[in-house]
Amino acid sequence: MTSLEMALEYIKINNVKFLRFQFVDIHGEPKNIAYPVKLGTADGEEELMGVLENGLFFDGSSIEGFVEIEDSDMVLKPDLSTLSVLPWRPSEKSVARIICDVYRKNGKPFEGDPRGCLKRVLAEFKEEFKGEYFVGPEPEFFILKNENGKWVPGDDAGYFELEPLDEGNDLRRNIVFALENLGFHVEASHHEVAPGQHEVDFKYDNAVKTADSVITFKTTIKTLAKQSGVLATFMPKPFFGMNGSGMHCNQSIWLDGKPSFYDENNAHQLSDICLSYIGGILEHTKALVSVTNPTVNSYKRLVPGYEAPVNIAWANSNRTSIIRVPAARGKGTRVEFRAPDPACNPYLAFTVMLAAGLDGVRRKLIAPEPVEKNIFAMSEAEKREANIDSVPSNLYDAIEELRQDKVLKKALGDHIFNKFIEIKTKEYDAYRTAVTDWEFNKYVRI
């Protein structure tokens, strides 16, 4: 969908009655304004063409991370290429959504728009390097059922299990059909390691399209789960003693229209650019995780054990390091950053990952030697000797690392950087001062 006329025709053919103008807040939570389509009225088509071309005004003061009430008039400008009918809504009176960029009333892009932030960094990358950034995420999630008023895993199945143990198979299949109707190229779906845990993989794309897809992916899964009487959660660690949900991010950069990570004559068949990119990610990891793992709960997943990616090192096939380079070479050469979880804002996560990697490329950092042994089995002394550090153990420490990171601050921009730190510091303080059931049960008899 690249023109107003094509968008209008799509809306007519699909009998769209409501059009959701969608955007995200600083957390990556989708928001929308539903516009009623009135093509049967005298002015309906003209009004629709007007909002598709010029956007919708809205009050941004109640959107977390946006603006104050005294300067709250903002505009949602739709990206026509994202217009899609929602397959879970009735077809006779269809609902469609269109993803928007956020602008100020003076016509300038809003510096606090996460999607706009990613687009700005990508534009700078393209201008400097003639570069493109591709990402292929692997978001995991849990399907929960309600038992006696308590949410519990939807089944007792394990990795790659089949029916009848995999009780989420039918729902997962319906999710795949819905995603395909929304334009996804779904590559695989399966039950994950933990009870009630699932994964649906879709093909990589450029960073903006992929970030859009992550938001659509989560909305689709949560909606279909609710319609099935269960709960889908992308919480990183919903249950103690079980694996958490990650969102491994496979990524590559192309320069001058060509993949840049492969060099058949270099060590590990990885180019100097790829090794420098890895070096940049490793150098900024402690600050990166504040954005890629942005909740208090994220750090309950990032603990030793449960295959958690806590070790700041890289490897080829070794999944005990935070960066892995999968076996594919040639055009398929990519870097997998294993820390992120699906609670992140994908626009901001992709922004800081690219910024960190490109910092390594610009400075021609040399990645350390890959660690091909099981880091989980290494003692603390062995890890120190090998210069293998760990990610921050909590959100507060990660935020403190972000405060000091000038590269990530520049990438995010002052508005998002300051708002993000302010919001996340308050979130951690609320957690720090809360009295948990564990504490009460542990200490009530003192």
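Glycine too: its Cβ is placed from the backbone N, Cα and C atoms.
The shown structure was predicted, so the numbers you read here are calculated from the model rather than taken from an experiment.
Between the candidates HIS248, HIS415, Swiss-Prot assigns the Mg(2+) 1 site shared with GLU138, GLU336 to HIS248. From the candidate list GLU132, GLU140, GLU147, GLU161, the residue Swiss-Prot records in the Mg(2+) 2 site shared with GLU192, GLU199 is GLU140. Secondary structure from DSSP puts LYS331 (ATP binding site) in a helix. Excluding ASN243, GLY244, ARG301, GLU307, ARG319, ARG338 themselves, the residues of that chain whose CB lies within 8 A of the CB mean position for the L-glutamate site are, in sequence, GLY246, TYR306, ALA308, PRO309. When the binding-site residues HIS248, ARG301, ARG324 are compared by the number of other CB atoms within 10 angstroms of each CB, HIS248 has the fewest. In this record, L-glutamate is bound by ASN243, GLY244, ARG301, GLU307, ARG319, ARG338; the longest C-alpha to C-alpha distance in that set is 15 Å. Across the structure, ARG338 (L-glutamate binding site) and ARG319 (ATP binding site) place their CA atoms 9 angstrom apart. Between the CA atoms of GLU336 (Mg(2+) 1 binding site) and ARG324 (ATP binding site) there is a gap of 5 Å, rounded to the nearest whole number. When the binding-site residues GLU187, GLU192, GLU199, SER252, LYS331 are screened for a C-alpha within 10 angstroms of the C-alpha of ASN243 (L-glutamate binding site), the residues that qualify, in sequence order, are GLU192.
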